[in-house]
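Enquirer: Shown below is the structure under consideration.
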Amino acid sequence: MAQQAADKYLYVDKNFINNPLAQADCGAKKLVWVPSTKNGFEPASLKEEVGEEAIVELVENGKKVKVNKDDIQKMNPPKFSKVEDMAELTCLNEASVLHNLKERYYSGLIYTYSGLFCVVINPYKNLPIYSEEIVDMYKGKKRHEMPPHIYAITDTAYRSMMQDREDQSILCTGESGAGKTENTKKVIQYLAHVASSHKSKKDQGELERQLLQANPILEAFGNAKTVKNDNSSRFGKFIRINFDVNGYIVGANIETYLLEKSRAIRQAKEERTFHIFYYLLSGAGEHLKTDLLLEPYNKYRFLSNGHVTIPGQQDKDMFQETMEAMRIMGIPEDEQMGLLRVISGVLQLGNIVFKKERNTDQASMPDNTAAQKVSHLLGINVTDFTRGILTPRIKVGRDYVQKAQTKEQADFAIEALAKATYERMFRWLVLRINKALDKTKRQGASFIGILDIAGFEIFDLNSFEQLCINYTNEKLQQLFNHTMFILEQEEYQREGIEWNFIDFGLDLQPCIDLIEKPAGPPGILALLDEECWFPKATDKSFVEKVVQEQGTHPKFQKPKQLKDKADFCIIHYAGKVDYKADEWLMKNMDPLNDNIATLLHQSSDKFVSELWKDVDRIIGLDQVAGMSETALPGAFKTRKGMFRTVGQLYKEQLAKLMATLRNTNPNFVCCIIPNHEKKAGKLDPHLVLDQLRCNGVLEGIRICRQGFPNRVVFQEFRQRYEILTPNSIPKGFMDGKQACVLMIKALELDSNLYRIGQSKVFFRSGVLAHLEEERDLKITDVIIGFQACCRGYLARKAFAKRQQQLTAMKVLQRNCAAYLRLRNWQWWRLFTKVKPLLNSIRHEDELLAKEAELTKVREKHLAAENRLTEMETMQSQLMAEKLQLQEQLQAKTELCAEAEELRARLTAKKQELEEICHDLEARVEEEEERCQYLQAEKKKMQQNIQELEEQLEEEESARQKLQLEKVTTEAKLKKLEEDQIIMEDQNCKLAKEKKLLEDRVAEFTTDLMEEEEKSKSLAKLKNKHEAMITDLEERLRREEKQRQELEKTRRKLEGDSTDLSDQIAELQAQIAELKMQLAKKEEELQAALARVEEEAAQKNMALKKIRELETQISELQEDLESERACRNKAEKQKRDLGEELEALKTELEDTLDSTAAQQELRSKREQEVSILKKTLEDEAKTHEAQIQEMRQKHSQAVEELAEQLEQTKRVKATLEKAKQTLENERGELANEVKALLQGKGDSEHKRKKVEAQLQELQVKFSEGERVRTELADKVSKLQVELDSVTGLLNQSDSKSSKLTKDFSALESQLQDTQELLQEENRQKLSLSTKLKQMEDEKNSFREQLEEEEEEAKRNLEKQIATLHAQVTDMKKKMEDGVGCLETAEEAKRRLQKDLEGLSQRLEEKVAAYDKLEKTKTRLQQELDDLLVDLDHQRQSVSNLEKKQKKFDQLLAEEKTISAKYAEERDRAEAEAREKETKALSLARALEEAMEQKAELERLNKQFRTEMEDLMSSKDDVGKSVHELEKSNRALEQQVEEMKTQLEELEDELQATEDAKLRLEVNLQAMKAQFERDLQGRDEQSEEKKKQLVRQVREMEAELEDERKQRSIAMAARKKLEMDLKDLEAHIDTANKNREEAIKQLRKLQAQMKDCMRDVDDTRASREEILAQAKENEKKLKSMEAEMIQLQEELAAAERAKRQAQQERDELADEIANSSGKGALALEEKRRLEALIALLEEELEEEQGNTELINDRLKKANLQIDQINTDLNLERSHAQKNENARQQLERQNKELKAKLQEMESAVKSKYKASIAALEAKIAQLEEQLDNETKERQAASKQVRRAEKKLKDVLLQVEDERRNAEQFKDQADKASTRLKQLKRQLEEAEEEAQRANASRRKLQRELEDATETADAMNREVSSLKNKLRRGDMPFVVTRRIVRKGTGDCSDEEVDGKADGADAKATE
């Protein structure tokens, strides 16, 4: 069933394809493809052809449509439906390719061959075509034998690697989400199965399993969900799988490229970060969550979109799979935990929040819980970490300074740290996997590389990462195009094949140059690197430079409008991509906070410190900020000591990758995305078409069909296919090319199917596969024949054996029959009885003879035994001698071998030296010849020089004469140049018109001359006036039109400036409107106030009193508002204190034990808190009471005033008139005030918005102003140019006005051309037969056009000269002809209409020509297709003829064999019946066995589940015990932490007082130390230099002979250069840190003053803390007593342990001694062993207790640190509360005093006057209050703005000063650096020389020792030979041994040598 399901997705249904009805229907309907907006192309039947158009009937709905013939594409017959290789299509066009892919995709067939490569369409669902059965199906099969599959591509790559011994690569290309990663996994799966040294999956090797598990690990850490793809690779990888000679996998290596690390900190909408974060948070258990401090998804800031799930994937299960994969990969658990800790730490980094302090820009960390978690996870100190982030040490000059960071800088540092940590972890993981995959010792012979890189990405806005990804894909596509199209055709030309080079127009090099070109002009990456070196460079300046350098590049575009968010556009092969250059400089430099980096390098966690081991190579933030301003523009290249940017590193990586790929044989897999909705079974035709066009699929198929994709070397072709032509090549024939020609003739191949090159035979696609099939058939025939011969031989042998057996049986039968006849005959019986008796008599005689012989033999035997004993003794002696001789021989052979080796070396050296000598002699001869030649040349040159000198003298005199002429001609030349410039401009403007009229200009000129003569002779003055008027009118009108057009062009040129100016104008308009509104409102308010004041001044004293009351009331209201604000502040502080107190409560409740002392402390703190709360509540109550009293008093005063008003109303009737007038005025004022208030409210609302916008837009406004000024300059320049252009245009108008008269002649000519076009259209129908004639006509037309163009150019130049003269004449005549403008206008209109008609006709002609070109190209393609089909048909005919011949031969053979097969069939049927019965019985037995196996597996599963349950229950019990122990340890740790905390609290105040002195001393010490270090380094370098100079002088003579060691020395030099770079980087950092330290010192001095003030404040709080400290001391003493007891107990336990160990040893000795004493001893032994075990248990308990105590001590220290920080916070809060309380008390006192004064003043002064005017006060009171409040707010805002302005100005001045200081320091540092570099380079050269000489001496010494050893061996061998010559070897050895006794072998040899020497004397 599984196989059937797989076949559905692999094989095509043949019934549908071979349907005859469909074939007939296609032929009858004339089906074609027509364009469709919905489906790309849709089928239609061709009904009728009408000229250029055709009428078609759509198959889908029967609708008839008119379509242009060029848009119609042919349809393939139904038999080509769902074809596996699209190169087989008869009609190759876009519609056919798309239709074939669509049909296969909808049938589940996702793989399709496209010529030499494979096209894959993502199915977006799982298909059953990747099982092991499918792998076995494709294993070892040829490509044409199986349907298309990724396994087939992989198998062909594997087989070609094994056959050709050439490295292979499989490149998966395509957009993001097209399925590259999945296909890569399938490639690795296939190779791991096919190339495994283990046969079955159960026996699968560890390396293969690790190789398969590498992908899941990398996907978890490097893949993420994007909008386009749920498992998008956010990095590129090149997997290199190494194979040995036998084709087995011996190792692998993975290289990664450009991890998108920014995804770790932020993600786009509906996207995820890397999978591992979600896996960990979902799959981690409770224990792991507590260890890693994990939190829910929504608590992490770096997870931008929270918990985004992937459909069909469980993150929890994926976590388990990832951990299992890491286990298989061999990553230990501690490293796994290190990885998970780093991941949790990265997430926690995002939770660190910084806030800006109130008075400064400095950042602060109000809550450090996240920082504590990060520090715990990464193994670093919290305080150092926070200090490194908030106030890092930065080098300023030579000193280090602590610099306070702003909020933005701190946030950037945290994000950069998170990205760098994750990237380093990923890099470590890749190295770890490579280490695991490359551990085999077998050598790799070749490799297959699989490339899976991030696909092409086009988002709404694309950043630096997308540029790098798209740049990579551009390079890969270029490699594909170069391999498929360029290299293929170049090889054809190189091999001398007849081939016309086809340009497919797919060169992507311009786009690649735009990105990567280093200079002339520099590309985008080069410009980015260049900008990174400029300190004031910004992203905007980078964009401006890119636009300036690459603005005219064809692949580069500027954004059309400024409102577009993009900065620039690049036209890639996959489409136009908009890029936004935000933070590109930072991304390219990738800076880091080096303080935190060094802290991480010093981490207590080994894993973290290993990640940051290369901390010296990072780019610090100070390095980026303090880069030299004097960096040259070309300084972006890598130099000594300079950091390398991300772009540079990536470009180098990519260059290496491309070099690797070029050295391999590439196999391309083109992955295509069917839709953007990720839906299965849906295919967007337009999307697929775009991808096919971009990837060059059609061109690849076309070159595969037209070209010769298969090629074989001559020798290999002969070796492989000679079996097909056995007798075609004569024996001993050596010429490979001629042999191949003879073979091809014998094969009867069509000449169109092959080409023979210089070294290879080339075949069209399919031919080689056909030859392979024939070869396989031939080999099977040969093997069958061989098997038949073998079987015949064996049968004949068996027959002969049977014949021998038959003859033997016949003999036996004959003898048996004779015996049966004789046995009853009497004489036979008598013979049988008498014969033994005769033998007995003879036997006695024989016995006597034998006894005599036996005695003789015994004697001989004894003699032989004696001889044998003698011989054995002799043999033993000889064997000993033989062994000695063998040893001697072996030594001699070894010496000979060594001597031979030495001789070979010497001869090799001699040959090398001779070769060198010969080379040198040849060089010397060449040099001598050159010298002679140069001397001869020198003589000639001297003669020439003399001649030239004479000529120079003559010319000098002529030159002086010419100098005078030059001065005069220069003025003329300038004028001519100016005229020439004007003429060139005119030519540029008239170029377009000239192209249209070039072919008829000559005729126009002649007509013009005739017309001018006629006009002069006939028209006279009238015609002259009319001509002048027409010219003037035309000139005026055209001038106006051209000015309009120039205005349009100017607007286009200023497109960017208009957009900017529009935006700026809008903003300025808004600001101006708001300012105007504000000014109007303020003016209206001032006018209203002035009116009120004037009216009030005119009134009597009562109004003055009213104003005084109003001022007092406003003061009271201000006081009330200030009190309310104070109250709100106090309430906020109260809330803060309450929250802090509650937090402290919770912390104290968590940390403190339930002891009595702790409860007392807690109760005291609670009492203090309650007291504080009561005091606050009392203060609040008193405050509220005071406010209530004030309100009551105020209301009473108002009521009294109201009563007085009523009394005064009755009494003072005289004031009623004045009151009425005032009331009318008041009403008017009220209306005005209401209107003002409404307007003011609106303006206030707008003002707030504008203030918010102003801050954002001020920077933009300033930039806009700058741009506007630049554009204004450009506009002014353009205006000047326009003025000059208008003058030129006026002149050209006068010329064109005359030309328009003769345009009527063009009409007849255009009619002629139209008739020609109609004739061409008629001829177009018969183009297929007359194509060659058309090409000839076209060539002739082109030649005519070129000739006409040349003539037109000449005539135009003449005409321009005449026109210039005419223009000058006409200018003079223009002044007289102003009167006749109307007639000229009419004539002009007519001519304009004629011109438009002519231009339209010309455009129609051009369009018709374009259509003809299109039809020609289409017909050319159709002709190519027809030719290819013809080739196929010829090939098929020849194949059919061959098959027919073979079939006839086979038919004759089959007839003869059929009779034999009939007999064998009868026998086989009988045997088959017997075997069937046996098979049935075996099947039954097998079924029974399978049932038993199933039962056993079921029982096994049950037992496993029971075991797992038991283990889980056991684990739960262990976990609970572990948790209890952990809690106990935590409590003890808290106790220890409290102790240390109290000790630190006492020393805190003293530390703050001494801080200033310590800082000053440290700074002085640092300066002195730094200077000492520099002096020491200089002295050391000088000493080393002197020593090296001495060594160099001694070894100069030897260095000349060591030229061969130069390569080794160069390697050492490179290492030293790297060290030098590191040293220079250190020096740079040291200088920068020194400069920053100076700045930090100044800041610290300012801070110290503030600290001194803070110290005074803290002294007040110190007394309170001391009281708490005393209580804590009591607790500490009790805890110390407990500690002492614990320590005593520990010491006692250790003593007991030692005693127990001693007792154990003694008892063990006693047991050993008393083992033989019996039962009592055994009992004693058991008792003692039990006692030992008890003691050991007690010892282990004591050790555990000590460990617990140590843990508690550590935890107590940590807790004390936390309590210190909490206490500091409490102090600050208490101080703030105390200050707030004092302020409130002061305010209360002041308010009381003011109230009393007001009450007394109101009662005494204003009782009489208030009564009359109280009503008016009540009405105007609210209005005035509101206005005063608004004024106060406005004044406050003004003050704030002024403060901000002052701060900004101060900052600007500080920055300017700092910049000047930096410049000076940088100059000094650069000079110092240059000196150091020179010294280091000299030292390096000397060191290299010394090392080379040292190595040479070592080698010579080794050679000398070797020669000495060889000589010693030769001497010893000669001595041995001499010994053998004087006396026998055995005797001498015996003598020596007797003499030496027990001496060593060396002494024996020495003595023997001495004896030999004496003997010789």
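Glycine too: its Cβ is placed from the backbone N, Cα and C atoms.
From a predicted model like this one, the values you see are computed outputs, not experimental measurements.
For reference, Swiss-Prot lists these features for the protein:
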type     : residues  : note
COILED   : 841-1927  : coiled coil
COMPBIAS : 1035-1055 : compositional bias 'Basic and acidic residues'
COMPBIAS : 1332-1344 : compositional bias 'Basic and acidic residues'
COMPBIAS : 1949-1961 : compositional bias 'Basic and acidic residues'
DOMAIN   : 27-77     : domain 'Myosin N-terminal SH3-like'
DOMAIN   : 779-808   : domain 'IQ'
MOD_RES  : Tyr11     : phosphotyrosine
MOD_RES  : Lys860    : N6-acetyllysine
MOD_RES  : Lys975    : N6-acetyllysine
MOD_RES  : Lys1358   : N6-acetyllysine
MOD_RES  : Lys1393   : N6-acetyllysine
MOD_RES  : Lys1405   : N6-acetyllysine
MOD_RES  : Lys1460   : N6-acetyllysine
MOD_RES  : Lys1639   : N6-acetyllysine
MOD_RES  : Ser1715   : phosphoserine
MOD_RES  : Lys1794   : N6-acetyllysine
MOD_RES  : Arg1924   : omega-N-methylarginine
MOD_RES  : Ser1944   : phosphoserine
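Give me the lay of the land around each of these features.
Expert: Counting residues per DSSP class in helix, strand and coil order gives 6 helix, 30 strand, 15 coil for the domain 'Myosin N-terminal SH3-like' (27-77).
When Cβ-Cβ distances below 8 Å are used as the criterion, the domain 'IQ' (779-808) is approached by residues 723 of the same chain, each at least six residues removed from its ends.
Cβ environment of Tyr11 (phosphotyrosine): Pro147 lie under 8 Å away, each six or more residues apart in the same chain.
The secondary structure of Lys860 (N6-acetyllysine), as reduced to three states from DSSP, is helical. Long-range Cβ proximity for Lys860 (N6-acetyllysine), meaning a same-chain Cβ under 8 A and a gap of 6 or more residues, is found for none.
Sequence-distant contacts (6 or more apart, same chain, Cβ under 8 Å) of Lys975 (N6-acetyllysine) do not exist in this structure.
Lys1393 (N6-acetyllysine) is surrounded by 10 other CB atoms, counting those within 10 A of its CB over all protein chains shown.
In the three-state DSSP scheme, Lys1460 (N6-acetyllysine) is classed as helix. Taking the Cβ of Lys1460 (N6-acetyllysine) as reference, no residue of its chain lies under 8 Å away while being at least six apart in sequence.
Secondary structure at Lys1639 (N6-acetyllysine), taken from DSSP and collapsed to helix, strand or coil, is helix.
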Enquirer: If you count, for each of the modified residues Lys1405, Lys1639, the other Cβ atoms lying within 10 Å of its Cβ, which residue has the minimum?
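Expert: Per-residue Cβ counts within 10 Å for the modified residues Lys1405, Lys1639 bottom out at Lys1405.
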Enquirer: Can you work out the mean pLDDT of the predicted model over the coiled coil (841-1927)?
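Expert: Averaging the confidence scores along the coiled coil (841-1927) gives 69.
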Enquirer: Please report the distance from the Cα of Lys1393 (N6-acetyllysine) to the Cα of Lys1405 (N6-acetyllysine), rounded to the nearest angstrom.
Expert: 18
Enquirer: For the domain 'IQ' (779-808), jot down how many residues DSSP puts in helix, in strand and in coil.
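Expert: Residue counts for the domain 'IQ' (779-808) by secondary structure: 30 helix, 0 strand, 0 coil.
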Enquirer: Give the distance between the Cα atoms of Lys1405 (N6-acetyllysine) and Lys1639 (N6-acetyllysine), rounded to the nearest whole Å.
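Expert: Spelling it out, the Cα of Lys1405 (N6-acetyllysine) and the Cα of Lys1639 (N6-acetyllysine) are 77 Å apart.
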Enquirer: What three-state secondary structure does DSSP assign to Lys1393 (N6-acetyllysine)?
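Expert: For Lys1393 (N6-acetyllysine) - judged by DSSP and reduced to three states - the answer is helix.
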